[in-house]
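Pulled from TrEMBL, these are the features on record:
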{"type": "DOMAIN", "residues": "1-67", "note": "domain 'CS'"}
{"type": "TRANSMEM", "residues": "122-146", "note": "transmembrane segment"}
{"type": "TRANSMEM", "residues": "166-183", "note": "transmembrane segment"}
{"type": "TRANSMEM", "residues": "190-208", "note": "transmembrane segment"}
{"type": "TRANSMEM", "residues": "220-240", "note": "transmembrane segment"}
{"type": "TRANSMEM", "residues": "261-280", "note": "transmembrane segment"}
{"type": "TRANSMEM", "residues": "300-319", "note": "transmembrane segment"}
């Protein structure tokens, strides 16, 4: 067929096309006046072998016949592969109704969470507060670096005394992420959350918070800066997810920025621990000496050396977890089979 012209006017289907048939290469046309009203826009699908025309009834009821004229046209023949009599149609309709009712029953069995909106509000506020806190840290450090720090390294050495209070607040609040995962409030796996939160808090509270000698080290600036940049994209992404909004540039940043920042942050934490070992050895702080109830001597520098190994293992665990998340959110989408 070439250039088929198919229209429905006044409940009559008009067909006209050029093709090769019983009369050779010629123009073929016909008209069908339907028994009852139909929609005026037919759906046509043409293949190499045939042309399918779908006409929708205006009202879903059973017809005695297809055409208004009682005698069926000679060129018109039923397709028995798709044939349904009245009883078959009623059976099919009944099955669809039963399927719909069963689906509603299953959905009604799922208990509704009366605290759904309260939980969503809490998660939005948590992520908003964390985003504002880390934004303050990032902006403050950036201003000090590029404005106050010109011509000297004061912005590096004074980072802890300027930023520590806000960082203490944000990292203490981050303990809620472990609780959220533990009670099932979020779908994040527990182990990566524990590794990140406890790893950061160990460096912040145990290493930096307990040693004044470490607080003026330049490495503190890099630790705080890498942490804050990562969270600038993570918390707003989660906050928008709570209200069902996905902004693609933010999604890309959330699952891409960590690739350079996470290893650099882990490296900065490792440098901080290495620099603290001689200080802990000299002061004996947190070391357990004899006599004690366990009758053993535990040197804290040795614990830090063990922790260094655990730090790199933790970086590997979280790196693998984040890579899987990135592949899930930014990887090629699988096409659904029709």
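Glycine residues also receive a Cβ, built from the backbone N, Cα and C atoms like all the rest.
Contact between the transmembrane segment (220-240) and the transmembrane segment (300-319) does not hold: fewer than three of their C-beta pairs are under 8 Å, each pair 6 or more apart in sequence. Sequence-distant neighbours of the transmembrane segment (300-319) (same chain, 6+ residues past either end, Cβ-Cβ under 8 Å): 191-192, 195-196, 199, 202, 262-263, 266, 269-270, 273-274, 276-278, 280-281, 284-288.
Distant neighbours of the transmembrane segment (190-208): 160, 164, 167-168, 171-172, 174-175, 177-178, 181-182, 214-215, 220, 223, 227, 269, 272-273, 276, 286, 307, 311, 314, 317-318, 321-322; these residues of the same chain sit at least 6 beyond its ends, with a Cβ under 8 Å from one of its Cβ atoms. Counting residues per DSSP class in helix, strand and coil order gives 0 helix, 40 strand, 27 coil for the domain 'CS' (1-67). Across the domain 'CS' (1-67), the model assigns an average pLDDT of 83.
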